[in-house]
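Student: Below: one structure in structure tokens.
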Amino acid sequence: MAETIHNGIRPLEDPGRPRIYIETYGCQMNVNDSEVILRIMQDAGYSLTDNIGEASVILANTCSIRDNAEQRIWGRIEQFRLQKRRQAGIVVGITGCMAERLKDKLLESHVVDLVAGPDSYRNLPEMVKAVTPDSPQINVLLSQEETYADISPVRMDKNGVSAFISIMRGCNNVCSYCVVPYTRGAERSRDPQSILREAKELAENGYREITLLGQNVDSYLWKGEHEVNFAGLLEMVAQVSPEVRIRFSTSHPKDISDEVIETMARYENICRHIHLPVQSGSNAMLEKMRRKYTREWYLERVRKIRSVIPECGLSTDIIAGFCGETGQDHRDTLSLMEEAGFDSAFMFQYSERPGTLAARKYPDDIPLEVKTERLNEIIALQNRLSLESNSRDVGKRFKVLIDGISKRNEEEFCGRTTTNKVCVFSAPGYSIGDYAEVEVTSCTSATLLSKLVK
Ligand code: 5AD
Ligand code: SF4
């Protein structure tokens, strides 16, 4: 009997097929990769399950960014061992960055049957088929070309409002602390027409928010018949529908161009938010991190953003306790945070990653207690800055895209402002996926408490 072709963008419900269970760790890019994996496996005859007990294939799509991310996954692999004892014949696979970094070391656990790096997902069906107890399968070849451009991701999000589109893969920066260039390979941009096709498909299927993803979106460059840079791509995607919001991540301070900022200003549906990881406020640390910008450069970019889009939300990533970081370097980070006035931040302790430039060149010499103390100071300062930023919004009105039910009160919705702040409010008669006009009545450092404007 011929296989029916299922092109739908939501997971296929077909309990008659062998089931696949997928767990995702790490960044948004990995979430989108899991959706690509599901398309490939669905086309090969599988259907998704969220019940691990009925799966014949279990995949963990993993992250290596910090040691604690990997430790968590090792813990999970031990749980898969128990699952395998209960269900003979299931295939356990590790995909993603940890697969690429650890390669056959993962097989030593005697739990993992399959190891597939980020550029090998097209081969997953054959690899799964070829697994036997004595022949685990491994493919960790990185590619210069693979962008999965022709593969329509099967969207696994619950609410059908917000989706990711990967516009590029890999990374050509060599930030000295970072494992990503080794796990995801060289940078390559995806054909803009395939990106547009995906954006239109999402819009037609009721999605209201698209986030364009790349390790460094500002260096997106398609060298086809007509060259397209990131500003050009952003504009093309913004024109798909005024009802669909566009976000993007991640911008690199050395590469974010005036053209991108000005394009944002021209389209109301390009959200007023930039995630601009600074990592440190100390020039000495930035140099050692090989970030290729200075504190002054970074603050100039912030001023430019604010001069073109005064209301723009700004978030960042910060690493505490990088190699050789002095008390003064740390204070420079605190003062930069104050000057930039970040609305929110992801904050981490430095975690040495084997094989990176920093691991080879610089001792990881900041004691754990000092890293923790500095990180806590950074978090405390950011909490204050976030509260100040949110307080400035009290009394203001925002157009919010409803994307879920509030966690603290099931009677209320939650959604985001264009500046990427979370709002909670009650809105009888509204549904997830609707836009609502709200007025902020009070706030915490994490949330704007709001009421519907009639
Ligand atoms: N240790 C701690 N944080 C790291 N990041 C990347 N590599 C490391 C590391 N080795 C952080 C950076 C990056 C974010 C995704 O993770 O802040 O922007
Ligand atoms: Fe994403 Fe980086 Fe983690 Fe890989 S290592 S999953 S690119 S966060």
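Heads up, the Cβ atoms here are built off N, Cα and C, so glycines get one too.
Unlike curated entries, TrEMBL annotations are predicted automatically.
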Student: Where TrEMBL shows Cys27, Cys97 binding [4Fe-4S] cluster 1, which of Cys63, Cys171 is named for the same site?
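Tutor: Candidate in the recorded [4Fe-4S] cluster 1 site: Cys63.
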Student: If H, G and I count as helix, E and B as strand, and all else as coil, what does DSSP give for Cys97 ([4Fe-4S] cluster 1 binding site)?
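Tutor: The three-state answer is helix.
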Student: In the structure shown, with every protein chain counted, which of the binding-site residues Cys97, Cys175 has the densest set of Cβ atoms within 10 angstroms of its Cβ?
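Tutor: That would be Cys97, with the highest Cβ count within 10 Å.
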Student: List the Cα distance (Å, whole number) between Cys171 ([4Fe-4S] cluster 2 binding site) and Cys97 ([4Fe-4S] cluster 1 binding site).
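Tutor: Approximately 13 Å lies between the Cα of Cys171 ([4Fe-4S] cluster 2 binding site) and that of Cys97 ([4Fe-4S] cluster 1 binding site).
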Student: Binding-site residues Cys27, Cys63, Cys97: which have a Cα within 10 Å of Cys178 ([4Fe-4S] cluster 2 binding site)?
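Tutor: The binding-site residues close to Cys178 ([4Fe-4S] cluster 2 binding site) (Cα within 10 Å) - there are none.
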Student: In whole Å, how far is Cys175 ([4Fe-4S] cluster 2 binding site) from Cys27 ([4Fe-4S] cluster 1 binding site) when you measure between their Cα atoms?
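Tutor: Cys27 ([4Fe-4S] cluster 1 binding site) and Cys175 ([4Fe-4S] cluster 2 binding site) have their Cα atoms 17 Å apart.
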Student: 10 Å Cβ neighbour count around Cys27 ([4Fe-4S] cluster 1 binding site)?
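Tutor: Around Cys27 ([4Fe-4S] cluster 1 binding site), other Cβ atoms within 10 Å: 18.
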Student: Name, in the order they occur in the sequence, the residues of the same chain whose CB lies under 8 A from the CB of Cys63 ([4Fe-4S] cluster 1 binding site) and which sit 6 or more residues away.
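Tutor: Tyr25, Gly26, Cys27, Asn30, Ala69, Glu70, Ile73, Gly96, Cys97, Met98 - these are the non-local Cβ neighbours of Cys63 ([4Fe-4S] cluster 1 binding site), listed in sequence order.
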